[in-house]
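Have a look at the structure below, then the notes.
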Amino acid sequence: MNRLGRLPLPLPPSVCLFCRFRATASLPSSLQATRSMATARLRRRVARMTLSPDVAKPSVVKKTRGDKERFGPFAGMNQTEARIRETPRARSRAAQKRSGEPEEDSQKESPLYKALKMQTALTPIPYGRRAAIKAKIADITSFDQFQLLPVVRNSISSQALPGLVDVTPTPIQRLAIPRLLEEPKTEKKPTKADDDEPRYDQYLLAAETGSGKTLAYLLPVVDAVKREEARDKELEKKEQEEKAREREERLKNRAFDIEPEIPPLSNAGRPRAIILVPTSELVAQVGVKVKALSHTVKYRSGMISSNFTPRRIKNTLFHPDGIDILVATPHLLASIAKTEPYVLSRVSHLVLDEADSLLDRSFAPTTTEIISKAAPSLRKLILCSATIPRSLDNLLRKRYPDIKRLTTPNLHAIPRRVQLGVVDIEKDPYRGNRSLACADVIWSIGKAGDAESEGPYASYVAPKTKKILVFVNEREEADEVAQFLRSKGIDAQSLSRDSDARKQEEILAEFTEAPPPPSPDEILLAQKKRRYEDAIPFEMPEKANQGSSRRLANTKVLVTTDLASRGIDTLAVKTVILYHVPHTTIDFIHRLGRLGRMGKRGRGVVLVGKKDRKDVVKEVREGMFRGQALI
């Protein structure tokens, strides 16, 4: 402290500022780094003293045009270079539809039968195989090219196909008859490994509906029966000669000690060939064809079913003269075989007509039992069907791996001469009333004229009656639909399992038998009747009243189930109405197969409702138009 008692003021440093700055710069680098890190935030330069990196960019940002705005009405103006794309841009589906061009990804879309593939029921057959079969049978044009007996060949035009001018074999007949006429191979001695394998030849005849499958297997069977009959007569003659020679020797050696002769086994109740069919209606139809050939070929045939009385069945099967060909149902034949085991002891040919039905769940045990009992004497097993479901194909591959498959090129296809129309019952005026839509379609068909000419006798006879089949899915609805149609003035009848057997035969006869051409007496009678009606004037008001009544004339309708969809030869039917959409393509084939038989045209109509599979109906219709096989 100084004299005034205060602290002395600090003296100014003797070192100048420049020297002090140099001393600070000469500090160690470690101390300097520590100091710079501590004061880094304080030493950051302010924004106004830093240049902006966007100085070179313009203040107004130029908008880039998108792909949609790049091309416009003025896009090509003031351009210095051509903007050509290396790869053109793909057009939208809407633009392709407007221009009518096919879409680029049409091949990636689902092909035909997308809906049917989801419920595939039939076994597919490659089209290469179909083409090979078609080329193979192209050279066969006449029944004379088959190695048939002369008496059998001459009976084809007179008994099997009467009334036809040009008698030519169908594709299935060209395939099946030569193969079925082949003699079976020489039997080799069975071994232990071959005990379970069948020792007879197996054949599968698969062809479209109405293609003549019945005649394809019937002619070879009749030919084989006649050949066996001739061989049996020769053997019987030799046996009688040997027995006579032995009898003479016994008489010489032992005149008073003669052994009693064993009587030969009777042929009563022992058919040579059996044809199995699933229904009694098919028994009657096939039995008539078998009987027709017997008039000229001379063999004994018979048919038995549940429609016949027990006395008639016994007289037919156990006739003293024997029986050669028998047509029966599996359950009836199996029940007879339990009490009469010799019924199947002489069977050399066994035919399963409609094999897909005879080998399904309901018939398979009975049919298999009959085949196993007839196996010791069986030489040929023939399976015949218009459809090959997957279940049948798997069964045949497992049980009969060596079966010979004879399939036609048009298997599983509905003929193109059959047209299919679709009626939407949800639209006006039906509004979901399926029965009303069915009645309206029938009235339209009945009132329309017949497209085909009725022949040169059309002006002499009465108008031709139109026959229409209506298929329903449930048997209970057959009577209901028929009753509704009758209330609308339509001559309709129902046919189902609940119908009387005698009534079934009468009804089916009207729809299966084509009317023959009128005789000269019938033409004269029709002319007299017409002159008589025209000469009485007071009958004209009655005719007018008849015409004004709500009755559909010259039209008959049969409402039925699948009972009449398999094998029934409905030559007189030109129209089929599917009251319900069938469950599978198999039902489509069999129901529409009642049309287009023997080369005739037909028309099918399906009623489609709100809950029906319209996509399935559409694909079936497209497949029919293209002539392709269904799946």
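In case you wondered, yes, glycine gets a Cβ from its N, Cα and C as well.
The compositional bias 'Basic and acidic residues' feature in Swiss-Prot is assigned to 98-108 (among others).
According to Swiss-Prot, the compositional bias 'Basic and acidic residues' annotation covers 180-193 (among others).
Mean pLDDT for the domain 'Helicase ATP-binding' (194-406) in the predicted structure: 90. The feature domain 'Helicase ATP-binding' is assigned by Swiss-Prot to 194-406.
Among the features that Swiss-Prot reports, region 'Disordered' is placed at 68-112 (among others).
According to Swiss-Prot, the region 'Disordered' annotation covers 180-199 (among others).
For the region 'Disordered' (229-249), residue counts in helix, strand and coil come to 21 helix, 0 strand, 0 coil, using DSSP. Summarising the annotation, Swiss-Prot assigns region 'Disordered' to 229-249 (among others).
Here the motif 'Q motif' (141-174) has long-range neighbours at 133-134, 181, 205, 207, 211-213, 215-216, 218-219, 222-223, 226-227, 289, 292-293, 295-298, 406, 408-410, 516, meaning same-chain residues at least 6 beyond its ends whose C-beta is under 8 angstroms from one of its own. Here Swiss-Prot flags 141-174 as motif 'Q motif'.
The feature transit peptide is assigned by Swiss-Prot to 1-45.
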With DSSP as the reference, give the number of residues of the motif 'Q motif' (141-174) in helix, strand and coil. 18 helix, 0 strand, 16 coil
